[in-house]
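Feature list (source: TrEMBL):
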- 46-68: transmembrane segment (TRANSMEM)
- 59-457: domain 'Cation/H+ exchanger transmembrane' (DOMAIN)
- 117-137: transmembrane segment (TRANSMEM)
- 149-170: transmembrane segment (TRANSMEM)
- 182-201: transmembrane segment (TRANSMEM)
- 222-243: transmembrane segment (TRANSMEM)
- 255-276: transmembrane segment (TRANSMEM)
- 297-313: transmembrane segment (TRANSMEM)
- 347-363: transmembrane segment (TRANSMEM)
- 375-400: transmembrane segment (TRANSMEM)
- 407-425: transmembrane segment (TRANSMEM)
- 437-461: transmembrane segment (TRANSMEM)
- 514-654: domain 'Cation/H(+) antiporter central' (DOMAIN)
- 664-827: domain 'Cation/H(+) antiporter C-terminal' (DOMAIN)
Amino acid sequence: MSKPRNVTFGNYTISRPGGLEIQVCYPEEFNKYDSPWQRQNPMMRAVPLLATELGFAIITIRLFIILLKPLHQPRFIPELLTSILIGPSTFGTFESLSPDTIVKQMMKLFPYENTVLLETFSSLGLTFYMFLVGLEMDVSAVKRMEKKSLSIAFAGIVIPFCIGAALHFVPIHEGITRESPNLGALFWAISLTITSFPDLARILSDVKLLHTDIGKTALSSAIVNDLSSWFLLVLVIVAFNHYSKHRHGPALTELGAFLMAMLPIICFILIFWFVLRPCIAWMIKETKKKAGKFSDTHISVILLGVVVCGFIADGCGMHSMAGGFIFGLIIPNGELAINIMERTEEFISGVWLPSFIVVSGLRTNFLELFSKTKLFYLLLTTIMATSAKILSTVLVALCYGMPVRDGVALGGLMNTKGVMALIVLNEGRSLKAIDNILMAAMVFMLLLMTGLVGPIFFLANKKAKRTRKYKQRTIQRRNPDTELRILTCIHSVGNLSGIINLLELSNATKKSPLCVFAVHLVELTRRASAMLIVHDAFRTKTSDHNSIRELADSDLIINGFRHYQDRNDDITVQPLTAVSSFTSIHEDIFEIAEDKVVALILIPFHKQPTADGELQGENHQIREVNNNLLAKAPCSIGILVDRGIGSAVITSAQSSLHGRQGLKLCMLFIGGPDDREALFYAWRMAGKPGVNLTVVRYVYNKDGESGILVEDQNNTEDEDLVDTARDVKEKELDDEFINEFRFKTMYDSSITYNDKMVSNVEELVESITTMYGEYELYIIGRGENVKSPLTMGLSGWVDNPELGPVGETLVSSNSTAHASVLVVQQSSSALFRSESLQVKRKFGRQKWASPILNPDFEAFENKKKKYY
């Protein structure tokens with residue numbers, strides 16, 4: 001065989017001695033630092049060039065994230081496309097261009113001589129990145145997994161591993177050069193077994209499958225896959241290193257060398273898990289007792305520990321990133337773990353990780369792949385690789401009685417790959433187990449497998465939504481002697497007290513118990529959100545209250561609801577965590593409400609009260625969530641403006657024990673479906689011992705007539721007829737409900753009913769402001785789509801339309817500054833409202849009698865329904 005000829009390319013002399021090794025010679029003056037006063041191109045210095053390379057990669061990733069957002073792609077796809085763009089796959093097509101072109105100048109960003117510095121920087125970044133991956137995982141969750149999830153995870157490892165190893169030997173191209181073909185097959189196999197947990201969590205959140213059985217099963221299996229893949233990668237790296245040293249020795253010697261190489265690794269893992277892990281848990285506990293919180297010094301010590309663990313792991317024969325991963329795995333999931341991720345995740349994933357993306361891109365050449373491969377074999381290999389996970393999942397799904405369709409969907413989700421798969425391929429390339437073409441082929445498969453998951457499931461879920469209709473539910477329409485199901489939305493611990501005490505007022509009894517679905521709303525970012533997802537997936541009613549994450553916000557909220565449940569025998573609490581972007585998290589809430597047959601959703605107001613009762617600190621994200629819920633909710637909605645309702649409820653309970661007057665509630669009734677729903681809920685609260693309810697109905701009085709009709713000069717004659725008919729129907733429903741309420745509560749000493757005649761908005765506001773200090777909680781209807789002369793004058797200056805005109809008056813009035821307000825809206829479905837307001841096209845003129853002027857229940861005459 002003739003000696004290969006050297007090739008000169010600019011300042012580089014490239015030669016290929018043999019195998020997979022390539023030698024590049026270049027002048028050494030590149031990294032020479034001359035005088036700062038000397039005129040010199042700054043791009044000839046290593047550090048500025050590295051910063052420029054990272055900046056280019058970061059900007060490109062961000063652009064791809066924006067462009068691919070409609071396709072619901074995980075972050076891995078923009079990163080993978082960036083690696084392809086900056087590598088020879090793209091820039092290699094412009095070799096023939098003039099040196100003065102922009103593209104040619106951009107190609108100078110990634111010279112050979114800076115590769116060593118770039119790879120060193122990326123290796124350190126990978127160590128910290130894998131530290132975050134280990135930090136988010138909870139190994140104890142494996143113990144609580146269902147057998148179905150474990151079986152799917154096991155099958156998703158074994159079958160794809162075997163298929164991946166076999167596909168490595170498919171003759172994709174001629175002239176394949178492999179120093180260790182057998183061990184090279186293992187790198188292919190491991191890359192196919194991986195399911196990226198963080199990327200899968202984001203896809204499930206985007207397509208709204210996070211809280212479904214398929215979504216939880218996929219997340220559970222992904223954890224086992226990730227842990228198993230790491231274990232296999234460590235074994236393969238150690239085996240490869242010692243195979244290359246003892247390949248020509250006796251088999252017994254080779255086996256003995258392998259076992260000796262595994263000994264320090266096993267000791268490393270055992271010492272970290274059984275010695276260092278309890279020590280860290282004890283130190284965290286003691287620090288929390290003494291200092292109360294973790295300082296920047298604690299975070300810095302942990303980050304220094306990542307570097308030390310990486311150094312020790314490298315000395316034991318593993319990759320340094322394996323040390324970072326194990327160190328993250330032994331840190332208990334809690335406040336410290338969440339603080340570390342919140343402070344470092346954006347820098348590590350957004351700034352440091354792109355250096356690895358650049359290195360991976362420089363090693364991937366799609367031009368060489370498509371020019372030298374056999375297209376048939378490449379497509380066949382891609383199809384087989386994609387179907388490996390699907391086949392294994394379907395087989396297990398059939399054994400557990402799952403439909404084939406669900407098995408295929410679950411298998412498709414398990415095909416989600418991430419940075420871990422790219423790490424495996426780069427390790428195989430660095431160890432010369434696979435060549436450039438085989439690596440490019442596998443990157444091509446990863447791109448297809450992961451890129452198709454998001455769009456396919458989004459379109460399938462969108463199609464299913466078009467064929468599904470929510471059943472509208474309200475408190476008023478349910479049987480009062482059945483279970484009341486309430487869904488509460490909690491953004492932070494600050495919302496906990498008010499919501500729980502409002503539930504305490506909801507009067508759970510043996511005949512009508514409460515079933516509460518406590519949903520913690522978390523904005524989907526990356527690491528911290530993924531941790532909450534997995535803990536929610538494995539959280540059970542019987543789990544330990546003193547879990548390792550009891551200091552985290554989510555567990556504080558869950559424990560608060562559990563203590564509330566323990567104090568009440570007639571209340572059942574089911575904790576959930578909804579993790580999604582705030583622009584679409586309302587869809588997750590709707591899915592839960594529909595699945596759990598919820599009648600009422602309680603949400604906190606987007607402003608927080610100060611000590612003097614003034615509302616400040618507007619949260620625009622929470623306001624957006626509330627507005628989306630009000631616009632499209634499948635059931636009733638209650639917005640709580642909490643101004644210390646918790647202390648009022650405690651005082652009420654103590655007063656009822658001593659026979660004194662307890663908590664005083666006030667319900668302001670003007671008319672419409674929202675007010676009827678609010679009155680029904682207040683009526684239920686009045687049944688609780690120690691609670692006194694005052695109902696004030698405001699009746700519009702003009703020239704001695706009562707009504708709620710208002711003329712609109714902009715309406716046509718037909719529109720006036722429809723509006724008049726609707727208002728007449730609403731008036732009839734209001735009178736029916738008020739008379740039913742008065743009849744059934746006439747002997748209830750805890751309920752007081754008053755009618756107040758008002759002629760204009762000024763009298764209404766004056767009446768409300770005169771209630772200074774009389775009540776601790778006001779309950780009102782939002783008044784959506786209700787035309788009343790008593791409120792139309794208020795709508796012009798409403799700053800918070802989600803509260804309605806009366807609610808805005810209450811929260812902005814100084815006279816009620818220390819009282820809490822609950823604003824209730826009945827189901828917002830247009831179909832439901834139109835059905836409840838159906839009127840005949842032909843109707844006669846009627847004159848309604850006021851219940852005030854006719855107290856002898858004349859309104860019961862000619863009614864189809866009898867209430868007694």
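Glycine is no exception: its Cβ is also placed from the backbone N, Cα and C atoms.
On the 0 to 100 pLDDT scale, the domain 'Cation/H(+) antiporter C-terminal' (664-827) averages 80 in the predicted structure. Away from its own ends, the transmembrane segment (46-68) comes close to residues 30-31, 75, 77-79, 81-82, 85-86, 106, 109-111, 114, 117-118, 121, 350-351, 354-355, 357-358 of its chain (Cβ-Cβ under 8 Å, at least six residues beyond either end). Sequence-distant contacts of the transmembrane segment (437-461) (same chain, at least 6 residues past either end, Cβ-Cβ under 8 Å): 71-74, 76-77, 80-81, 83-84, 89, 168, 172-173, 176, 184, 188, 191, 196, 199, 203, 206-209, 360, 363-366, 368-369, 372-373, 378, 381-382, 385-386, 409, 412-413, 415-418, 421-422, 425-426, 428-429. Residues 148, 151-152, 155-156, 158-160, 163-164, 167, 170-172, 192, 195, 369, 406-408, 410-412, 414-415, 441, 444-445, 448-449 of the same chain lie 6 or more positions beyond the ends of the transmembrane segment (375-400) yet place their CB under 8 Å from a CB of it. Within the same chain, residues 142, 181, 184-186, 188-193, 195, 217, 220-225, 228-229, 232, 377, 380-381, 384-385, 388-389, 391-393, 395-397, 399-400, 410, 414, 434, 438 sit at least 6 positions outside the transmembrane segment (149-170) and bring their C-beta atoms closer than 8 Å to a C-beta of that stretch. As a quick check, the transmembrane segment (182-201) and the transmembrane segment (407-425) clear the bar of 3 or more Cβ pairs under 8 A, pairs 6 or more apart, so the two touch. Beyond the ends of the transmembrane segment (117-137), by six or more residues, the same chain brings 46, 50, 53, 197-198, 223, 226-227, 303, 306-307, 310, 320-329, 331, 333, 337, 340-341, 344-345, 348-349, 352-353, 355-356, 358-359, 419-420, 423, 527-528, 530-531, 534 to within a C-beta distance below 8 angstroms of the stretch.
With a threshold of 8 Å between CB atoms, the same-chain residues lying at least 6 positions outside the transmembrane segment (222-243) that come near it are 133, 137-139, 141-142, 145, 149-150, 153-154, 156-157, 161, 180, 183, 186-187, 190, 193-197, 200, 254, 257-258, 261-262, 265, 317-319, 322, 325, 414, 416, 420, 423-424, 427, 431, 433, 534.
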